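Have a look at the structure below before the remarks.
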Amino acid sequence: MIPANPSVSGPRTASPVKRLAGRLPAPADKSVSHRALMFSALADGTSRISNLLESADVTATARAVAALGADVRRDGPGAWTVTGRGAWTSPAGPLDLGNAGTGVRLLMGAAARFDLEAVFTGDESLSARPMARVLDPLALMGVKSRSRDGRLPVRLTGSRALRAIDYAPPVASAQVKSAILMAGLGADGETTVREAHATRGHTETMAPLYGADMSARADGAGLVARVRGGRVLTPHDLAVPGDPSSAAFAIAAALITPDSDVTLTGVMDNPARNGLYAVLRDMGADLTLTPAGTRAGETLVDISARSGMLTGIEVAADRAPSMIDEYPILSVIAAFAEGATVMKGLAELRAKESDRLAASAAMLAANGVRIELGEDYLVVHGCGAGGVPGGGRVETRHDHRLAMSGLVMGLGAREPVSVDDAAMIATSYPGFFDDMAALGADIA
Ligand code: S3P
C-alpha cells in the first residue's frame, strides 16, 4: 500500500523569532528517491530502499512504477521494498505524476524502451511545463508520442527497438539527460549525451549499482554521459542521502535570524548540487562542513550555520546548474545581506514549478525589498543592517520552494510574512513544519 500524503494546506504566516538552534537530520533527497524507485522497478528481482523521501512527488513515482508492473511495498517509515520483473507493461489507467517534473520526465524515458502504451498526466503546474525537451530526443530514438503541443497529457508508445543516439541537449537539464539515458538502457548500442554545463549526475552514479553499463566523464565545464543498452538490471539495496536543496531552508533561516546556530546532518555533498553553499561562503556566511561518510555512492557532510551579516555578490551564470533549485531561497538570503546580489543566467527558472524568476522577484517586492528583474537575471538590493521590512503576502503559484522561501523570510524579517498556500510543501519536504518548529520557528 502506498500511503497518501497528509498535507498542510491553506495560508501560513511566519513571524520573526529571537533565535533558531538545533541539530536535525536533513530530509531525504528527492532526486535520489525518484531514481531509486525507478531503477529498483526496472531490475529483475527485489531491492530494498531505506530513508526514501515520502513526499507527494516521490509517492506519485512509487504509484506509477507499481502501475507499470513492479510490486511496491512500504515496510515502515522510509523503508520500501520494490520487486521488478525486468520489463514494464501498459498501465491500466493514466499515470498521474502530480507536481513532479523529475517523476514524469524520467519515467517517460524509462518506459520508452518497453512494448507498452502509457498516458502521463500531472497537476496544473506540471501540465504547464515543457515536455518537448524530452519527447524530441526520444522521438529520435524511435519513440512515438502525442502531446498537447509539447505539454501534458502525453500518450507515449514505447518500443523494444530503440535507436542509440548521440545528443547535445539545448538546455542544461538533468531531467533531459536522465530521460535519454533511461531510454538508452534499452537501445541498440551506445547512447551518448553531451552537456555543455554539467548537471546533477545521480542517474549515472546510481545506474551501475543496478548493473547498468552507464558512466559519465567531465569534459571542460561540461560532461559526456553514455550508456550501452541491452543489460537486464539487477536488484540493489540502498539508503537515500540527505537533500542539499531541502536542507538549504533551515540553513538559510539560521543565517538570517539573529544568534542562531543550526546543524543539518547527512547532507549530500555533490559538486553538481552544492553551488548554493559555495555562494554563501563567498557572501561571508559562517558555515562549517564536516565529513559524514557516504551513501548510495554519494559523499555526505554535516552542515552547521551561524547567523551573521552577509555581503552581496555577483553569482555568475555558470553556477546555475549546480544550484538551479536554490535561487528562491538565495534571493531571500540576499535580501538580508549588505549590498546588491546579482544573479545571472536564470532563464531556466522560468520553466520550473512556477516561473520562479518572476515569482521570487514578486515575493521580495511584496516584502519591501528593492529588486531589478530581467529576462534572465535578478538583482536583489540587500537591506543590510536596516533589516528586511516583511509584512507582505507571498503568492506561491503551486511552487513548494516559493512557499518555503517566503516562510523562511518571515523568521528573520521585521514583520511577519504570509504565504497564500502551504500545500505544495508536501511535494518535496513533508517534515518542513516539524523541523522548523524543532529549531524554534514560529509558523502558524
Ligand atoms: C532534477 C533536475 C532539475 C531540478 C529538479 C530535480 C532531477 O531539473 O530542478 O528539482 O532530479 O534530475 P532540470 O533538469 O529541469 O533542470
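The backbone N, Cα and C atoms fix where each Cβ goes, and this holds for glycine too.
Of all ranges given (1-20, 81-100, 281-300), TrEMBL attaches the label region 'Disordered' to 1-20. This prediction places the mean pLDDT of the domain 'Enolpyruvate transferase' (16-436) at 98.
Only SER31, GLN175, ASP325, of the binding-site residues SER31, ARG129, GLN175, ASP325, place a Cβ under 6 Å from an atom of ligand 1. Candidate binding-site residues: LYS30, SER173, LYS352. Nearest to ARG401 (phosphoenolpyruvate binding site) by Cα distance: LYS352. If you compare every pair of Cα atoms in LYS30, GLY101, ARG129, GLN175, ARG356, ARG401, the residues listed for phosphoenolpyruvate, the longest distance is 19 angstrom.
The Cβ of ASP325 (3-phosphoshikimate binding site) lies under 8 Å from the Cβ of SER245, LYS352, ARG401, each on the same chain and at least six residues away in sequence. Neighbours of GLN175 (3-phosphoshikimate binding site) among the binding-site residues GLY101, ARG129, ARG356, defined as a Cα within 10 Å of its Cα, are GLY101.
Nearest to SER173 (3-phosphoshikimate binding site) in space, judged by Cα atoms and limited to the binding-site residues GLY101, ARG129, ARG356, is GLY101.
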